[in-house]
Amino acid sequence: MTEKHKTMGKFKVIVLAGTAGTGKSTIAGELIHEFKDIYPDLKFIEGDDLHPPANVEKMTRGIPLNDDDRWDWLKKVAVESTKAAASTKEHLSIVACSSLKKKYRDLIRHTCPESEFHFIFLYASKIEVLKRLKTRKGHFMKADMMESQFRDLELPDINDETDCDIVPLDFKTFYQIEKDVIQVVKSKVLNIE
């Protein structure tokens, strides 16, 4: 365990946030690869896998989730990502979770106060997300549900939510996006350069 983790006495959870189609899971895989030498047991939780069947069914039928659909799911995201962090030597995990509204992020924080959550928002324009969703296969979130995600999206005010960062995606290569996210993780979460 690093000295930083010992003194904080908390688990650390990196939350890759943003609308569908922003590459949260793909970036998570890149983070696992990037940090495998210093965090060999780093765990990734796919937040979509934690949705109850009723939520998946609703989204599969093209019906957007409402707040009531999300509360238990968000609590489960907080609990499972904290368990994943607790199971690693360095007490660190990564979770992909849209975390679209401030009240969702607040619920995650308050559900597991023993964890320090850092939300990294992958933000792309509607045009970019639509392009990505149209080429995506095998996922219940379809392009026609994008509007509801953008309607719900409350990008964090990083002066108010100091545990949040926004990484813009438009007009960047995947390599540049990956590099930007890695830099945020190093400087804001792991405190390494």
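Cβ coordinates are placed from backbone N, Cα and C, and glycine is handled just like the others.
Feature list (source: Swiss-Prot):
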type	residues	note
BINDING	Gly18, Thr19, Ala20, Gly21, Thr22, Gly23, Lys24, Ser25	ATP binding site
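Taking all protein chains in view, 23 other C-beta atoms sit within 10 angstroms of the C-beta of Gly21 (ATP binding site). Lys24 (ATP binding site) carries a helical DSSP state (H, G or I). Other than Gly18, Thr19, Ala20, Gly21, Thr22, Gly23, Lys24, Ser25, the residues of this chain whose Cβ falls within 8 Å of the Cβ centroid of the ATP site are, in sequence order, Leu16, Ala96, Ser98, Leu122, Ala124, Val129, Arg132. Summarising the environment of Gly18 (ATP binding site), the number of other Cβ atoms within 10 Å of its Cβ, over all protein chains shown, is 28. Sequence-distant contacts of Gly23 (ATP binding site), defined as residues of its own chain at least six apart whose C-beta falls under 8 angstroms from its C-beta, comprise Leu122, Arg132, Leu169, Phe174, Ile177. Counting only same-chain residues six or more apart in sequence, the Cβ atoms lying under 8 angstroms from the Cβ of Lys24 (ATP binding site) belong to Leu16, Ala17, Gly18, Ala96, Cys97, Ser98, Leu122. Thr19 (ATP binding site): 24 other CB atoms within 10 A of its CB, across all protein chains. Within 10 Å of its Cβ, the residue among the binding-site residues Thr22, Ser25 with the fewest other Cβ atoms is Ser25.
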